[in-house]
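Visitor: Pasting a structure below so you can have a look.
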Amino acid sequence: MVGQLSEGAIAAIMQKGDTNIKPILQVINIRPITTGNSPPRYRLLMSDGLNTLSSFMSATQLNPLVEQEQLSSNCVCQINRFIVNTLKDGRRVVILMELEVLKSAEVVGVKIGNPVPYNEGLGQPQVAPPAPAASPAASSRPQPQNGTSGAGSTVSKAYGASKTFGKAAGPSLSHNSGGTQSKVVPIASLTPYQSKWTICARVTNKSQIRTWSNSRGEEKLFSLELVDESGEIRATAFNEQVDKFFPLIEVNKVYYFSKGTLKIANKQFTAVKNDYEMTFNNETSVMPCEDDHHLPTVQFDFTGIDDLENKSKDSLVDIIGICKSYEDATKITVRSNNREVAKRNIYLMDTSGKVVTATLWGEDADKFDGSRQPVLAIKGARVSDFGGRSLSVLSSSTIIANPDIPEAYKLRGWFDAEGQALDGVSISDLKSGGVGGGNTNWKTLYEVKSENLGQGDKPDYFSSVATVVYLRKENCMYQACPTQDCNKKVIDQQNGLYRCEKCDTEFPNFKYRMILSVNIADFQENQWVTCFQESAEAILGQNAAYLGELKDKNEQAFEEVFQNANFRSFIFRVRVKVETYNDESRIKATVMDVKPVDYREYGRRLVMSIRRSALM
């Protein structure tokens, strides 16, 4: 079985730094490395049949293989892409970027051959002693078996490997500002215990300069997000370094960075997946890199919109969604500094059919164009729990419209094929009427009852196409205060004046207001609902002032208005909430909006519903 492995591969990697080979190795042991709040990293002891080496480390995109136990002790895998990092003491670490599990641990079962540890200090591999020549069969090498390839072949998290990562980045040399040469190391290998290092990274985000005052005077900072093939890191420059580097560094350009200070990252303020962050100091060097094609752009770790409800308040997430609709930008005044800032809500939907409200601020809000319903990828949006789950796009967040990544193409294909016909179910505050009027959470009246809507601590909102089957016209109108902002019932003083207790004023006139109880029904269920002024007028087709006059002067005509409203169908937007009165709990349903039925749109939605049901 030794012949299945790439004998001598470990020596070739450790002596020559050869990253062009794709060796077949066996995993002997895996152990996790503590990484704080970041995704775990794993160190692997691997064998090529002749030697073993414990200097293998997996990149975080391989974590699912370990967690699903596809990559485990005794399995055989092909290393398709890796990086060799040389530490300052001369030792080498191999970072595994892509691999494919060829044979599972269950199939192999045991360690292959009798490999001995590779002694890096000797510069030569230690060769296992030859096995006794017991029989010709024992020394013959079996051919590799044609087993099915395991599910361990990986694709980079956010970008296709061929398009984004290109060639593997092995160790290389760069000139720093002091004229000396230092090895370029991967971001993933940086720790506070290293003094001399250089990374080659792409700038994926650059903040504006922030200023503040304290006892030391005026201070300022700006921050960057940097990415290479192995990972990402946040860098911050203060004061003199702001003046020095801010004009020189551009987003999406690649630079050599060296001699920064590394410290434990504050995860409260960044979505960057790294335990450490970099601070520029007086010795920091930043130099442009012309050969930038092999480096990725922004790295995303997407959270599905339906999973946002499981995220804690104020956590930072990466999200991708179609801009289903958006609002106009408005101006608000920030209380803390009394500055006016632009604000715009956009509504994002993904393949789960869930919709989340995301708020853009400042320049992002002013310049946003959602007219073509773009795919938006947002890195580092903050989760809010106000009225559900919503997102705030921070100044440190990165927004990319129609990114060139597989998730975006998949989402666009789904939306064009079927998603655009869906209204979506909002996980954000629905009191405003949903997604720009479009997110209506369609339910049948039976579903409303069977799903116990309105039974929770907060009200639920839904929309339904239903028919009016009965209107309770008794006591449906009352005389109200004539002032514009008051709808309080007035008291007839029997002297030609009407008193409003709320306004503490007597008026010579009043206005009619309506509270109409209506029984609506669809093909499965019926429901009593309460309609206030605008909703009642929409159902009856007449305004309250005319109906009040009709009630006083022509009772028969008044009756006919109600008769004509029977068996008319509408789209009802309803709020449901359980209420307790005299120790008795019941669901109160209040109509928030009434619209005529668009039967073309209604028919299309029914067809899509039938198609979805057929796939279940």
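Heads up, the Cβ atoms here are built off N, Cα and C, so glycines get one too.
Per Swiss-Prot, N-acetylmethionine is recorded for Met1. According to Swiss-Prot, the feature ubiquitin cross-link maps to Lys22, Lys167, Lys220, Lys244, Lys259, Lys267, Lys331, Lys410, Lys431, Lys458, Lys553 (among others), an assignment based on similarity to another entry. According to Swiss-Prot, the feature region 'Disordered' maps to 121-155. Per Swiss-Prot, the feature DNA-binding region maps to 197-281. For Ser384, the entry in Swiss-Prot reads phosphoserine, with the evidence type similarity to another entry. For 481-503, the entry in Swiss-Prot reads zinc finger. Residues annotated as SUMO cross-link in Swiss-Prot: Lys577 (among others).
Help me picture these features in the structure, burial and contacts included.
Guide: Note on Lys22 (ubiquitin cross-link): other Cβ atoms within 10 Å of its Cβ, all shown chains, come to 15.
DSSP gives Lys220 (ubiquitin cross-link) a strand state.
In the three-state DSSP classification, Lys244 (ubiquitin cross-link) falls within a helix. Taking the Cβ of Lys244 (ubiquitin cross-link) as reference, residues of its chain lying under 8 Å away and at least six apart in sequence are, in sequence order, Ala237.
Neighbour density for Lys267 (ubiquitin cross-link): within 10 A of its CB lie 17 other CB atoms from the protein chains shown.
Residue density at Lys331 (ubiquitin cross-link): 10 other Cβ atoms are found within 10 A of its Cβ, drawing on all protein chains shown. DSSP assigns Lys331 (ubiquitin cross-link) to a strand in the three-state reduction.
Its own atom aside, the Cβ of Ser384 (phosphoserine) has 19 Cβ atoms within 10 angstroms in the protein chains shown.
In this view, Lys410 (ubiquitin cross-link) is surrounded by 14 other Cβ atoms within 10 Å of its Cβ, with every protein chain counted. In the three-state DSSP scheme, Lys410 (ubiquitin cross-link) is classed as helix.
Residue density at Lys458 (ubiquitin cross-link): 11 other Cβ atoms are found within 10 A of its Cβ, drawing on all protein chains shown. According to DSSP, Lys458 (ubiquitin cross-link) sits in a coil region rather than a helix or strand.
Only residues 6 or more beyond the boundaries of the zinc finger (481-503), in the same chain, are considered here, and those with a CB under 8 A from a CB of the stretch are 509-511, 513, 533.
The secondary structure of Lys553 (ubiquitin cross-link), as reduced to three states from DSSP, is helical. Cβ neighbour count for Lys553 (ubiquitin cross-link): 9 (other Cβ atoms within 10 Å of its Cβ, all protein chains included).
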Visitor: Rank aside, I only need the closest one: which of the recorded positions Lys259, Lys267, Ser384, Lys410, Lys458 has its C-alpha nearest to that of Lys22 (ubiquitin cross-link)?
Guide: Lys410
Visitor: I need the most crowded of these recorded sites: Lys220, Lys259, Lys577. Count other C-beta atoms within 10 angstroms of each C-beta and give me the top one.
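Guide: Answer returned by the neighbour count: Lys259.
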Visitor: Of the recorded positions Lys259, Lys267, Ser384, Lys410, Lys553, which one sits closest to Lys577 (SUMO cross-link) when you measure Cα to Cα?
Guide: Ser384
Visitor: Which secondary structure state does DSSP assign to Lys267 (ubiquitin cross-link), in the simple three-class scheme?
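Guide: In the DSSP reduction, Lys267 (ubiquitin cross-link) maps to helix.
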